[in-house]
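**Q** The Cu cation binding site annotation in TrEMBL covers C100, C104, H191. Residues or ranges marked as disulfide bond by TrEMBL: C100-C104. If you look up TrEMBL, you'll see 62-226 marked as domain 'Thioredoxin'. Annotated transmembrane segment per TrEMBL: 24-46, in sequence order.
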Amino acid sequence: MRRVSQLSRNYQKATKEKEKEWPITWKSLFVTFAIGGAITGGVMYVRREKEMKIERERRRVLGKASIGGHFDLIDHNGKPCSSRDFFGKWILLYFGFTHCPDICPDEIEKMVNVVDSLEKNPNLAPVQPLFISVDPDRDSVPVVAGYIKEFSPKLIGLTGTQEQINKVAKSFRVYYSAGPKDVDADYIVDHTIIIYLIDPEGRFVDYYGQTRTYEQVADAVQLQMLKYESLKSKWF
């Protein structure tokens, strides 16, 4: 009995010494993983909060710039068309006039090429190209309808009263001014040459000048779309 008792004490002593040499237990492993998971989750949360803060600040700045906004116009089919009709869609928007000899056709063609290029990527949402006339005196519904047919069936043309055009041009900070008339009563309209990008929530996102190629614009638009989807997935 004494020998058994001595063996038991020796076993307990050896076990305690082994525990000192190898202190890791299932309990300690669980605590370690729990702490590690909490740290990882905390880092991801902080990163997400930082990204959301940056995005909120970007939107605040854009909102302060007050570019874009609601509009009510007439489409090339003669139907009322509102900015609300495009909610849920990406928009590329260009202001011009149908009697423009070269710049407007070049920019509209560029815009259409951007849309066609983006459509090749099945992971991207469709982009709707829009043309708004800044020459409502000459650009009636039939004139706009005939004009946009030269570019793409995807293109939607918009016109309206002088008051409506003034309002939408002002909201996008578009300058335009009709020049003097020639002997044939023809004239050129000087105007801002910019393609605007609007997100599915109707907010101005970016703009692209005349010097940008359609490939450059397509790359820039794709980047904005992917960024939007990435942030959206993190919010929801």
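Heads up, the Cβ atoms here are built off N, Cα and C, so glycines get one too.
Explain the structural surroundings of these features, please.
**A** In three-state terms derived from DSSP, C104 (Cu cation binding site) belongs to a helical segment. A 10 Å cutoff on Cβ-Cβ distances gives C104 (Cu cation binding site) a total of 22 other Cβ atoms nearby, all chains included.
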**Q** So around the Cu cation site, C100, C104, H191 aside, which residues have their CB within 8 A of the centroid of those CB atoms?
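**A** Going along the sequence, the neighbours come out as F95, G96, F97, I103, E107, V134, V189, I193.
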**Q** Would you count the other C-beta atoms found within 10 angstroms of the C-beta of C100 (Cu cation binding site) for me?
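**A** Total other Cβ atoms inside 10 Å, all chains included: 20.
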**Q** Looking only at Cβ atoms, how many others are within 10 Å of the one on H191 (Cu cation binding site)?
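**A** Result for H191 (Cu cation binding site): 20 neighbouring Cβ atoms inside 10 Å.
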